[in-house]
Amino acid sequence: MTELNWIGDSYAALGFFLMPFVSTIILKMNRAYRGAILTAGILIFISCFTSAVIPSPGYLFFTHTVLHGIGSTLILSTTALITGEYFDKTHRFHVLATTFVSGGPYGVLIFGPLFSIWTHDYGWRRAFEICGVLFLASNCISALVFYPKPDETYEELPCTEQGNSSKEGGSEEARTSRAAVEPKAASGRGWALCSWSHLQENKQIFLWALERLLHNFVMYGLLMNLTTYVTEALGNEIKKGSKINLYFGAGESTIFTAGALIGDRIRGYL
C-alpha cells in the first residue's frame, strides 16, 4: 500500500483544486445543492464499482482519482456552501461547523475500522462495492434535505442622494441594512473565485496558504512514514493496521474539535 498512496493523495488533490470552480458553477445554477450532491453520489457509485473490476492498479487513476475526485469536489463544495448559509460568520458555532465540512477526522473513527474489516473479510473489490452503495445512499438522503436557506435575500442598496439630516438620522440604520445585504458566496455573484484586489485587501490569505502548505508537508510526510512503518511492523495485517489509523484519527478529531470550540470562544477578540 505504500506504493499506492498516490491514489488517495491524487484524488484529494484534484478535489481541492477544483473546489473554487465547482462552487462557482453550483452558485451560478441558482444554488443547486440538491442536484450537486446527488450527482456526486452517482459519480462515486460509478467510481467504486468500476474500481472493483480493474485488472491492475494503474486504472485507478481514471476510476478513482478522476471520477471519485470530481464527486468529492461536488460534496466538499456543496457542504461548504450550505454550511456557510446556515452557520454564517455571525453564528455562535461558525468555526465548529466548518470543521465538519470535510468530515475526514471524524469519519475515520467509524469507517476506518469498517473498511479494514470489509477488506479483510470480503476482499478489496467487494469493499469498493460496499463503499459505493453507502456513498450513493448517504448522498440520496442529503439530496432530500440540502435545501438552500429560504430567507437569504441579497438585494442591491439604492444609491440615492439624501439630505444631511436624513443621512445623519439614518446612518445607523443604513449600516445595519448594508450588513444585512452584504454579498456572500451564496448570493450567486461569483464570489467563489477571489479577485486580485480581494487578495490584496485580505493579505491574511497568503499567511493561511503558507500554513496549509507547511501543514500538508508535515501531514502527508507523517502519513507516508506511518504507512511504511505499520506495513513493516505489523506484517501487512489489515485489522491491526486500522488501529493505528484509528488512533491517528482520534487524536486529529480531538484537536480539531477543541481548536474549533476555542476559536468560536475567542472569535472577534483577536
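Here, residue 1 is simply the first one shown, and the rest follow in order.
Heads up, the Cβ atoms here are built off N, Cα and C, so glycines get one too.
According to TrEMBL:
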- 1-270: domain 'Major facilitator superfamily (MFS) profile' (DOMAIN)
- 157-182: region 'Disordered' (REGION)
- 6-27: transmembrane segment (TRANSMEM)
- 36-54: transmembrane segment (TRANSMEM)
- 60-83: transmembrane segment (TRANSMEM)
- 95-115: transmembrane segment (TRANSMEM)
- 127-147: transmembrane segment (TRANSMEM)
Contact call for the transmembrane segment (36-54) and the transmembrane segment (127-147): at least 3 Cβ pairs under 8 Å, seq gap 6+: yes
Sequence-remote partners of the transmembrane segment (95-115) [C-beta within less than 8 Å, at least six residues beyond its ends]: 76, 79-80, 83, 86-87, 127, 131, 242-243, 245-246, 248-250, 252-253, 256-257, 259-261, 263-264, 267
